[in-house]
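> Structure provided below as structure tokens; questions to follow.
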Amino acid sequence: MSEYKDTLNLPETGFPMRGDLAKREPEMLKRWYQEDLYGEIRKAKKGKKSFVLHDGPPYANGDIHIGHALNKILKDIIIKSKTLSGFDAPYVPGWDCHGLPIELMVEKKVGKPGQKVTAAEFREKCREYAAGQVEGQKESFKRLGIMGEWDKPYRTMDFTTEANIIRALGQIADNGHLLKGFKPVHWCTDCGSALAEAEVEYKNKVSPSIDVRFKAADEAALLAKFSLNEGHQGQGDVSIVIWTTTPWTLPANRAVCLRDDLEYVLIQVEGDNPERIIVAAELAKDVMDRAGIEHFHNLGFAKGADLELTQFQHPFYDFTVPAILGDHVTTDSGTGVVHTAPGHGQEDFAVGQKYNLEVANPVGSNGVYLPDTELFAGQHVFKANDAVVETLKEKGALLHHHAYEHSYPHCWRHKTPIIFRATPQWFVSMDQAGLRAKALESIKGVQWMPEWGQSRIEGMIEGRPEWCISRQRTWGVPIALFVHKETAELHPNTSELIEKVAQVVEQKGIQAWWDIDAAELLGDDAAQYEKVLDTLDVWFDSGVTHYAVVDKREEFNGAEADMYLEGSDQHRGWFQSSLISSIAMKGKAPYKQVLTHGFVVDGHGRKMSKSIGNVVAPKDVTNKLGADILRLWVASTDYTGEVAVSDEILKRSADAYRRIRNTARFFLANLNGFNPETDIVPVEEMVALDRWAVGRALAAQNEIVKAYDEYNTHAVTQRLMHFCSIEMGSFYLDVIKDRQYTAKLGGHAQRSCQTALYYIVEALVRWMAPIMSFTADEIWNQMPASLPSGESRDKFVFTGEWFDGLFGLAEGEELNNAFWSEMQKVRGAVNKLLEAARSDKTIGGSLQAELTLFADDALAAKINKLEDELRFVLLTSAATVKPLSEKSDAAQATDIEGLFVAVRATEAEKCDRCWHHTPDVGTIEGHEKICGRCVSNVDGEGEARKFA
């Protein structure tokens, strides 16, 4: 064999079998940034049609987690695939830099503003902290292979962005959507500030469930409203009963609310202490059961509408409250009568406005009752629940009391229960200028992926309250408004003043607002106006980046955002704040497509939790397996639902990666000695199987590009794996090894094969690039340096487009896709028999076998098209086809109807060069150890191959 070794075209490549990604990827990253890969992409795509994926900014606090990695990798895959599809797709990553979590971290270091440090110094410390967090997260994202404007990201704390956020506020005010109101808002007593809807999370809490009597102020007047049975009025006090799980709100009660069309029943409670109570008729039995009242009967009925404005005595204060009517009253639970405290609930507030009720707010920002709160002054509201219950008992107002577990709003940061509290706040009004209706209409023009996203956000917009955009915090963009000290009206020149403030902030940052003297801007008006000292909700900051970033950054060339891509929780967060602000400013949605992914869970479907010990950190994965494995995991998942990750799942991704890598390595190793400029074989002269392989690559490319266009990365990886493992690995690459290794060096048979391999790897490397970016770059650098045109290969795969050199089989080609599909089935059937022959020691390897195929006429006609090259497809030393009628006793049935196969061990000698067993080995003078085919490939013109 050694004497013929140099006549073989053995595979050779600098592309290693082992990826060793954890070690190699950082080296590749270094080169990408040294050679300005992102800049090269931008230059290559300048002037192309644009695709803008606007980055939802992660919060600048803490290390990135696996959810961040999922999100950023998905975005990067889409950006890179769009680039390969010929789009100019810049990526400007962003960060959310203001707000409470950063304040809390800084407070731990320097204390609260106004204690050891001034507010100005505190803001500067917050800015420094956020900047450090951004840098840490940035390096983590870069390590994942994500390309973008990392040297010029957007940060909501950049002076220019802060100024543009203020300008956005001005536009919303100009368009009539801003209002100031004294309204109940979500309030965290630990934060001491209002919370946005998106800052509230719901979890179970045990609360006191109480049924409370409100006695009738005028029994006779009340009874007159009921249709009484036979005129019997009954005996005992008359009370209407409310149900609540927030006893602490009773000091602020100003009404009891009924529904106009509900029927209410007057019940006589029998026994030693008779009394009469009023509840909704359909809930009467539930109330009686709950209160343990067994003996009672109905006295009469009245509609809710008939009881409107009837007066009832507050259970522990010396005033009466009216019965009012509201659509929010239901019979799902409770008594059908709702305790109404306009200062502590949005529905209560809304119905209270109709009846001009007092908006009582006896609770301070720290959750403690104010000093003038009768009976409960100085107590924290949640601790006061017990005190309220005791007071109700003392007053004889408590009908029933038990512990009740229910879903309750909590602060997303502190994980503590929150309250509704009426305070003066700034709102973006959903209805005063038709914002809600316009938003709902605009939703219809957006493509929501998955489709259920549309109904989800529609429901949220339909039901959401006014957007409270003010916060009582230090580190945030100021609500840069001047209001009249007496009327609280905005200054008439608000538009001009906002622009002046924005120009100063653009130069000096948000601190300029607190430093600026009102007289500098207002002149003589300064004495009548005061600065608003509240800051903006951070959801406003990120929500207006469609204006502050997309409209303003030169990278986007004035284009609007095509896509927003975030987790499904952002229907109530960024998608919504962006939509509302964009409608308020521009009258249209800020995006054309909204794509969402699910949350990351472990292999058992559980949330990531340090206490469970199931957290998968991106850094750990890249340090152990490499970023391309993490990227392949992301791409392989159906990300529209929950996305599972675990060591076992990542191991499966690593196995899939190895199969793809080994396929690519085979291609590269067998392009050894191939020069596309001089060695390409014309299509019509290629071996039939090679043409088929290129055609399969074209079919795969069409499906893969379509899947990329539809953001279906799961389908991309499935098709890629099928192509590498089944179409190539299990068939084509297996068949061509003999020809590639043993055919005449540089001869037609070998060059035809290499031409196919070259075309396919040119396509394959591009399919891989958006997902396995590091590996694609590694492959690219091992590919032939020159192109068929004689031009040099681009420095990076990412600057090009999908390969356009593939071709399908010609129309009317005899050995078409159906033919090769049938041959693969024949080969599969034969392989099972060869495997059995190996197991029973009839043969060693398949080249020691000679086959006789007994086939029916139709199948025989197809198989015979391969002529003498059938043996190369079946990987045996000899294969003949005979009619089924001549089937021998040795023939065995196969999975294919009309096909029997006889396997026997060959008696022919083995060729030292190709390892085939043929009768002519030892018969050729001077080449006694090799077969005639090999002699031709070594000394002659080389074997001719037409089919395989």
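Cβ coordinates are placed from backbone N, Cα and C, and glycine is handled just like the others.
Taken from Swiss-Prot, the feature motif ''HIGH' region' covers 58-68. Summarising the annotation, Swiss-Prot assigns L-isoleucyl-5'-AMP binding site to Glu566. Marked as motif ''KMSKS' region' by Swiss-Prot: 607-611. For Lys610, the entry in Swiss-Prot reads ATP binding site, with the evidence type sequence analysis. Annotation source Swiss-Prot lists Zn(2+) binding site at Cys911, Cys914, Cys931, Cys934.
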> In the same chain, which residues outside the set Cys911, Cys914, Cys931, Cys934 have their CB within 8 A of the centroid of the CB atoms that define the Zn(2+) site?
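Near the Zn(2+) site, the remaining chain residues are Thr742, Asp912, Arg913, Trp915, His916, Thr918, Val921, Ile930, Gly932, Arg933, Val935.
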> For Cys914 (Zn(2+) binding site), which of the three DSSP-derived states applies: helix, strand, or coil?
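DSSP assigns Cys914 (Zn(2+) binding site) to coil.
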> If you compare CA-to-CA distances from the residue listed as 'ATP binding site' to each of the binding-site residues Cys911, Cys914, Cys931, Cys934, which comes out shortest?
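That would be Cys914, nearest by Cα distance.
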> I'd like to know which of these binding-site residues, Glu566, Lys610, Cys914, Cys931, Cys934, is least surrounded, judged by other CB atoms within 10 A.
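Among the binding-site residues Glu566, Lys610, Cys914, Cys931, Cys934, the sparsest Cβ neighbourhood within 10 Å belongs to Lys610.
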> In sequence order, which same-chain residues at least six apart have a C-beta under 8 angstroms from Cys911 (Zn(2+) binding site)?
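Set apart from Cys911 (Zn(2+) binding site) by at least 6 residues yet with Cβ under 8 Å, we have His917, Thr918, Val921, Lys929, Ile930, Cys931, Arg933, Cys934.
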> Could you give the mean pLDDT over the motif ''HIGH' region' (58-68), rounded to a whole number?
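The predicted confidence over the motif ''HIGH' region' (58-68), as a mean pLDDT, is 94.
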> So, three-state DSSP: helix, strand or coil for Lys610 (ATP binding site)?
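Going by the DSSP assignment, Lys610 (ATP binding site) belongs to neither helix nor strand, so it counts as coil.
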